[in-house]
Structure formats: C-alpha cells, structure tokens
Amino acid sequence: MNVRVLGDSLEAWALAGALALTGCDVSMSQSELLGGGADTAEPDLLQLLEKQQAAGRLRLGRQQGAADLLLVTRRLPSLEALQRAVQDFADSGKASGQPRLIALTQSVAIGTTDALQSWLDEQGAANVRVLYWPAFVQAGRALESITRPERILLGTCDAAVERVMRRLLSPFNRSRDTLLVMPPKEAELSKLAINGMLATRVSYMNELARLAEDKGIDIEQVRQGMGTDSRIGFQYLYPGCGFGGEAFLETLSQLNRELGHQREPGLLSSVFKINEQQKDLLFQKFWRYFGAQVAGRTVALWGCAFKPNTSAVEGSPALTLIEALLSHDVNVQVYDPMAMPVLRRRLGPLPGLSYLDSAEAAAQGTDALMLVTEWKEFWNLDMAAVLAGMKAPLLLDGRNVFEPERMHELGWVYSGVGRGVSV
Amino acid sequence: MKTCQALPALQQCAASIPHLRDLFQGQPGRGQALQLQGAGITLDYSKQRVSTEVLELLVQLAQQSGLEAERERLFAGEAVNRTEKRAAWHTALRVPANRQSPSQACVEEQLQRMSRLVDRIQSGVWRGFSGKRITDVVNLGVGGSDLGPLMVTHGLREYANAAAQGLRVHFASTIDGSQLFDLLDHLNPETSLFIISSKSFSTIDTLSNADTVRSWLSSHCEDEALMLRCHFIGVSAARDRMTVWGLPQDNQLHFWDWVGGRFSLWSVIGLPIALALGMSAFRQLLSGAHAMDEHFRTAPLSQNLPVMLALLGVWNVNFLDIRAHAILPYDGRLKYFPSYLEQLEMESNGKSVDQQGRALDYSTCPVLWGEIGANAQHAFYQLLHQGTQSVASDFILAACRYDAPGHYAHQEPLRAQHQLNIANCLAQSRVLAFGDAAVESENSPWQRYPGNQPSSTLLLKRLDPVSLGALIAAYEHKVFVQAVIWNINPFDQWGVELGKQVALQLQPLLRQPGSSAMHELDDSTRTLALRIQQQQACKGGE
C-alpha cells in the first residue's frame with residue numbers, strides 16, 4: 001500500500017517506520033530523518049528508519065506519486081486547516097475515482113472525522129473515506145507502541161474501510177485480536193478520555209501525597225496498598241512533581257474544551273490545577289526551607305525532560321522551576337542525559353542558568369538538589385559523595401527515586417513527594 | 001466672595017431668574033449654547049437656571065476671586081494648603097514622565113517601583129510564606145485610601161488585562177472589622193497579600209484592621225519576619241511608621257505630604273487599581289486626568305469645564321439657596337462614584353471659616369449624595385420631583401457601551417438596555433427641568449410636576465480609564481475653584497479630628513464598667529455606655 005504521512009512528530013515517524021517495515025511504500029515531505037524539530041531520542045526507531053530509507057520503502061521529500069492512504073498526524077487548529085492539509089490528496093483521489101483513505105491519528109475535536117467526510121462528500125470525493133485511528137505513541141518506546149499495541153482503535157462505520165485497515169494492521173495484530181472498531185465520535189472521545197483518566201489518577205495521587213505529607217504518612221506504602229486492588233492496578237499511581245509532554249497536555253486541553261467547563265470548574269480543571277501546583281512544589285519546599293531567603297543561592301536540577309528516555313521538555317516541571325528560580329535570583333545548574341540541547345534551544349542563554357555535563361557536576365556547590373526526571377542513571381549515584389560537594393544538604397526528590405531513611409542516614413534533608421516529611 | 005463686584009448684580013439676577021421652561025422659551029438654541037467640552041467630556045448645563053448675563057457675572061466672580069492666580073499656585077506646587085503650610089500637588093502625579101520637572105521626578109520613580117511590584121504579584125513571582133503564589137489582595141485603607149481605589153477598580157473592571165484577571169482584589173475599610181470578618185473566613189493565609197494604605201500610617205481604622213490580619217496570619221506562620229515580608233505592603237507618606245510597624249523597606253511604597261488623602265488615588269495609593277486592572281490601565285487613568293489638568297489650566301474660564309461646574313454650584317448654593325446636590329451616574333459601573341464625591345466635595349469644602357480664620361456668613365458646600373441614577377429613580381427621585389427641597393443634580397452618562405468588537409453573548413439585548421438607560425437619563429433631567437410642561441399633564445394635584453429643578457449632564461463618549469481619569473480630575477478642580485470663590489481651604493479637614501480624639505478617650509472607659517471617669521461624661525453618653533455595658537455583661541440574653 002502507498003502511504004503518505006503528514007506531519008513530523010514522533011508519532012509521524014513511528015507510524016512511517018512501522019508501516020514501511022511491513023512492506024508499505026511510505027512517503028513523507030521531510031527532507032531528513034527525524035528532522036523538523038522532533039525532539040526525540042528513540043534509538044531503535046532511528047535505526048529502523050535508516051534501514052527503511054535504504055531499502056527504498058521510506059521516501060523523503062517527494063511530493064509526487066499517488067497514495068492510497070493519507071495519515072494526518074499533524075495537529076491542526078481547525079477543520080478549515082485540516083481541509084487545506086488534505087486538499088491535494090482529496091483532489092487526486094477524486095480524479096482517480098479509486099477508493100482512498102484518510103486516517104486522522106491525533107486527538108481531535110469530537111466530530112472532526114465525520115465533518116471531514118461530509119466535506120469530501122460535498123466536494124464529490126466520496127470515494128475518499130475518512131477514519132479515526134488514534135495512535136497511542138509513548139515517548140521513549142514509540143516504535144513498540146505501534147508494533148506491539150495493547151489495542152488498536154478504529155473509528156469508522158464503513159465495513160470496507162475496516163477491511164482495508166484490518167489487513168494493513170494485521171502484522172501488529174497477530175497474537176490476539178486487539179482491534180476495536182467503533183463509530184468515529186466514540187473513537188475520538190475514547191482517545192481523549194483515556195488521557196483524561198490517566199491524568200486524573202496522577203493528580204488524585206498528588207492530592208493524597210499532600211495529605212500524606214501533612215500527616216506524616218508515607219504515600220509509597222499507600223500506593224502499594226491501592227495498587228494491589230485489582231480494580232485499581234498499579235499504573236499511573238505515582239505521585240510526583242507534575243506530568244508533562246506535548247501530546248498528553250494537548251489531548252487534555254482538547255478534552256477540557258469538549259467538556260466546556262467555562263462556567264463551573266469540573267473534575268478535569270482540578271486535575272490541571274493540581275498538576276500546575278505540583279510543578280511548583282519543589283520551589284515551594286526550597287522557599288520554605290530557606291525561609292524565603294533564596295536570592296543568590298544555587299540549585300541543582302537533575303533532569304529536564306518531561307519523563308525519562310526522551311529529550312522532550314514540553315510541559316516539564318523543569319521549565320516551571322527554572323522560571324521561578326531565576327525570577328528570584330537563584331542560580332540554576334541543570335543536567336539531563338538527553339534533553340540538554342533541547343532545553344538550551346528552547347530557553348537560549350539565560351543569566352543564572354548553566355548547563356553541566358554530569359549529575360555530580362550540576363550538584364557541586366549548590367544549596368539544594370531537585371530531582372525532576374527519574375532517569376535510571378540517578379538511582380544509584382554515590383549520594384554521599386554528592387552531598388559532600390553541596391553547600392546545604394537539601395534534597396528535593398520530585399519522583400520519589402530515593403529511599404528517605406537511607407538519605408537521612410547519609411545526612412541529607414530529604415523530601416520526596418508525600419513521603420511523610422514536610423519541608 | 002463678599003468683596004467681589006459681581007456679587008450684587010448676581011443677587012439681583014437670582015431674584016428674578018425665570019422658570020427653566022421660560023428660559024428655554026426665551027433662548028432658542030440654548031441646548032447648543034450652554035454646552036462645552038473639555039478633555040473629551042461634554043458638559044451640558046442648559047438645564048441650569050442661568051441666563052447669559054448670570055454666566056458672564058459668574059465668570060467675573062471667579063476672576064474677582066483671584067482664581068487664575070491661585071490656579072497657577074496650585075499647578076506650581078506652592079503651599080495652597082495654608083493651614084497645613086503645604087502644597088496640594090496632585091496634578092504633579094499625572095504629569096507624563098517625559099514632562100516631569102526635576103522636583104516631580106520622584107513621582108515616576110515610585111510609579112516604577114509600583115509597576116515592578118504589580119508585575120511580581122500578577123506574574124506569580126511574589127510568594128506567600130509557604131512559597132505559594134498570591135491569589136487574593138486585600139486593600140486595608142479608609143477614606144482616600146479606600147474610596148478612590150475602590151471606585152476606580154469597580155468602575156473599570158472590564159478593562160482588566162489578562163495578567164490582572166487571575167488576581168482577586170478586595171477592600172476592607174470599616175473600623176468594626178465587618179469586611180475582614182467576611183474575608184478572613186474564606187481567604188487562604190498562604191496566598192493572601194495585604195496592602196496597608198494610610199498616608200499618616202496612624203489611621204486607627206486601618207491599623208486596627210491590619211493588626212487583626214497580622215494576628216490571623218501569625219496563627220498560620222510562626223516566623224514573624226517571614227510573614228511580614230511575604231504578606232504586607234505598606235503605602236504611606238510616613239516611612240518611619242511603616243518601618244516601626246515591621247514592614248521591610250522593599251515592601252514600602254511612598255508618597256508625599258503634598259498629596260492630600262482624597263486626591264491620592266493617582267499616587268501609589270492606586271496600587272489596588274494597578275493590581276486589579278494592570279499598570280497600563282492605571283497609566284491611562286493618569287493620562288486622562290492630565291488631559292483635564294491641561295484643559296483646566298489653559299481653557300478660558302467661560303469654556304472651562306471644571307470652572308463651569310464650580311460656578312454653577314456656587315450659583316445654586318449662594319444665590320438660589322439650593323443646599324442639596326445629587327450625583328446621578330446612569331452607569332452601574334459608577335456605583336461608588338457618588339460616595340467618592342461625597343468625600344471629595346464635603347471633606348474639602350464643608351467649611352465655615354475662611355482662609356484668614358474668620359467665620360463665614362454665607363453657605364459653602366451643599367449636602368451631596370447620590371446613587372446609580374436608574375436605581376435612584378425607585379428610591380429618592382420622588383423627593384426630587386415632588387418634594388419641598390430644591391436639589392441640583394449632575395447626570396453622568398456614557399454614550400457608547402457594549403460596542404467592543406468582541407463577540408460576547410447577548411450583545412444586542414445589552415445594547416438595547418443601554419439605549420433604555422439613556423432614555424431614562426434624558427427623561428429624568430427633562431422632567432426635573434420642565435415638569436408638567438414636558439408632556440401632556442394630568443389634572444390631579446398628586447400628578448403635578450413643578451419642574452425647575454436644575455441639573456447638568458456630563459456626557460462621556462465611553463467610560464474607560466482615560467475618560468474616568470478626566471471625570472475625576474474635573475470634580476477635583478471644581479472643588480478647588482469653589483474653595484477659591486468661598487475663600488476657604490479645601491485641602492485640610494480639621495473637622496474630622498475631634499471625634500477621633502474623643503473616641504480614644506472613651507475607649508478605655510468602655511472597658512472598665514463603673515469607672516469613676518464615667519461621671520465626667522455627659523448624661524446621654526454615660527447612659528448609653530452603661531446600657532451597652534449591661535448588655536455585654538449578660539451574654540446569654542435578657
């Protein structure tokens with residue numbers, strides 16, 4: 001099948017790579033692999049893309065050539081923008097008279113799939129069918145998200161479309177049938193609802209963590225207690241200093257718009273609010289520890305990616321913290337194994353902000369250490385040695401990576417998120 | 001005033017001034033003739049009981065009172081406040097930064113400091129003791145430190161910039177703590193910031209509120225210095241007192257003794273305005289006032305809006321013996337404008353001793369009160385139309401409203417309401433002036449409208465920061481002009497002092513039931529005090 005992919009996000013590349021892998025002829029308008037600002041670090045994906053490009057199944061920069069399937073992975077601000085984006089494909093599809101498909105993979109306003117189909121029908125391009133195929137791509141394991149999906153969701157009421165897609169996706173749907181077909185609107189809301197639920201779980205845990213902190217309770221044990229209940233499970237029960245990620249936050253905003261909570265705050269607005277507070281949490285602890293005498297101090301920031309194994313910083317608590325710290329004349333020494341170039345590009349040179357080459361170097365001579373991203377390389381560092389280089393022993397663990405008792409023994413003033421010690 | 005040559009002629013005119021109905025009949029084109037513009041505001045005074053001759057004489061009265069020289073002294077920052085030997089230089093607060101003289105440079109310096117504070121608070125950089133961002137600001141102030149900021153903040157809310165919209169601004173003024181009682185019930189001590197606003201920093205109303213807040217915050221934050229640093233900003237002309245109270249230097253904003261309390265909203269006293277609306281709206285407010293200053297300073301007296309407001313007031317009070325003045329804004333946003341003017345006019349010109357200390361034998365400031373016009377129609381307009389008091393009125397109206405390009409819901413019905421509001425405003429001034437003659441009249445004695453109640457209409461194109469600034473400044477200058485004519489000092493307020501002293505004397509007595517000092521009180525006060533003590537003693541009821 002000839003597939004054209006619109007977009008240059010991580011999702012776009014993962015879909016392109018995965019489909020090329022199964023023998024599709026895939027084309028993209030980008031001129032270089034993972035170009036166009038996809039701030040990602042997915043070694044297996046890059047390898048795959050290189051291989052597919054070499055094999056001629058992934059073609060970059062070519063506009064010509066008719067495609068059977070157009071994947072719209074780009075987030076477009078309106079239906080009109082979406083129409084403009086697919087206009088050429090629709091025109092050539094109409095001229096050919098052959099069955100053609102457009103799949104929308106991003107979170108969209110509910111009803112977008114149907115609205116685009118109606119527009120195509122009005123244009124006399126009813127042979128071009130639109131379906132909603134939400135990708136559930138996770139940064140850090142993008143390729144796997146496509147090739148070994150938990151389930152595949154298809155939003156279409158058209159049996160022919162379903163047949164084509166089922167065939168196309170059969171390589172990813174072998175061990176058991178995980179394909180779920182439903183009308184487009186239901187699929188659109190499912191995509192939004194899943195992310196809303198995940199965010200709600202995290203914010204709920206953060207609210208509990210706040211209580212735990214006040215009451216001298218260790219949330220970690222509570223988390224275990226909750227997770228063992230099969231109705232709940234362990235996923236997304238980690239309290240922390242806030243979730244981020246562009247796609248995730250975008251989807252949540254879309255859901256919030258759909259819920260139309262302008263007049264009275266609903267559940268999701270509290271979820272957002274709690275998350276914003278969590279992003280500021282480590283600053284507040286730092287402020288309290290030093291009794292507001294923070295100007296002129298230096299803080300180490302371990303991690304600035306919004307989660308491990310990605311170089312993306314969009315929505316990361318690190319951004320909130322850096323802004324708050326710098327505005328109070330606090331110097332910041334940041335280290336991240338992967339996201340430093342992205343952060344540097346995003347923030348540019350800022351007085352008071354320095355980029356260090358290692359976790360240890362970033363902590364050297366600082367008044368507080370904030371752990372923002374739970375990169376594996378932070379877990380077993382020699383924290384006694386790190387402490388020796390600090391000016392003050394404050395360790396603010398935004399991801400509950402360290403064991404409170406152990407850190408206390410080493411001489412740290414340790415505060416996790418909801419670990420029973422309030423600073 | 002007594003020595004002015006124009007006086008006898010004015011008195012003669014007053015004795016024979018015709019009914020408004022007849023004035024209009026005798027002067028075609030009166031509506032156009034008796035109208036002037038200043039700083040974007042139109043003043044229609046055709047419905048005042050004046051003739052061309054009266055107007056000419058009133059202008060002479062102003063000239064003969066030495067208005068022009070005194071105005072020059074006002075703008076030059078000379079000590080026009082003679083009893084307190086200082087300037088009343090509120091006009092300096094509104095001079096644009098690039099035109100400030102060296103002695104006015106301190107104004108911009110404080111505005112810059114205020115601007116930085118506003119920015120820190122609105123952007124969330126300013127933190128409470130626990131490190132959280134500020135969500136609520138409470139202005140603790142009374143009189144000039146309350147009425148002006150409250151009036152402007154309420155009046156211009158729709159002009160709040162995006163950064164300001166995240167912040168709730170409250171006002172607490174009353175000495176009894178009522179407003180605080182309500183506020184402290186739902187405010188979060190971690191995210192609330194208090195502005196202590198007092199020129200002297202000794203106003204007991206404000207400081208007692210501040211002490212209550214301080215004790216409330218202390219129960220949540222043990223570190224006193226931290227609490228003071230994170231939750232209080234002082235605005236005062238008394239630096240030392242702010243420091244003694246415990247405010248760090250960085251949390252102090254200053255103004256100067258040459259700014260009178262009721263003329264102070266233009267100074268850093270305007271901090272709540274800037275917080276609630278944004279610094280740019282505050283600057284626009286200043287620019288509107290400055291435009292009115294320039295108009296007042298340069299326009300010929302007969303075409304000078306504040307001067308004309310003042311002269312009409314003098315005419316009504318001193319020649320037509322009208323002792324009451326109603327302020328009737330036909331605009332819900334100007335809800336607090338009447339109470340603002342009550343202070344501005346009555347505290348300034350409620351005097352009976354002249355600049356030389358002699359008792360006056362003529363009237364000065366009338367009793368002034370008001371209400372949103374359309375609401376007052378359902379309240380005290382009955383008295384205006386059919387009562388036995390003569391009352392002069394100021395109608396205030398904006399021509400355009402709900403016409404912003406933004407597509408907010410219900411724009412059409414709201415516009416229709418605005419038209420209805422305008423119709424009501426014009427109808428009322430018409431009926432007040434012409435009475436029965438305005439329409440086909442009924443014969444029953446209860447349905448008769450005598451008319452002849454004078455009024456002015458102040459028309460703004462629209463109510464915005466610039467026009468409100470100009471409107472307030474117009475009344476400030478009106479007050480000044482009247483004071484010059486009446487030969488009184490509008491910038492002191494000795495009349496409010498004695499009550500404060502006596503309250504301080506009484507306060508300890510009330511705490512000691514049966515104190516022998518009680519016997520020094522007058523019989524009425526003593527009896528009341530004893531009754532209060534009795535009622536406080538039996539808490540469970542009678």
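First residue shown is number 1, and so on along the chain.
Glycine is treated like the rest: Cβ placed from N, Cα and C.
Quick look at what TrEMBL annotates:
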ACT_SITE  B:Glu347  active site, proton donor
ACT_SITE  B:His378  active site
ACT_SITE  B:Lys500  active site
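Across the structure, B:Lys500 (active site) and B:His378 (active site) place their CA atoms 36 angstrom apart.
Taking all protein chains in view, 9 other C-beta atoms sit within 10 angstroms of the C-beta of B:His378 (active site). Residue pair B:His378 (active site) / the residue listed as 'active site, proton donor' shows a Cα separation of 28 Å. Look at the Cβ of each of the active-site residues B:Glu347, B:Lys500 and count the other Cβ atoms within 10 Å; the largest number goes with B:Glu347.
In the three-state DSSP reading, B:His378 (active site) counts as coil.
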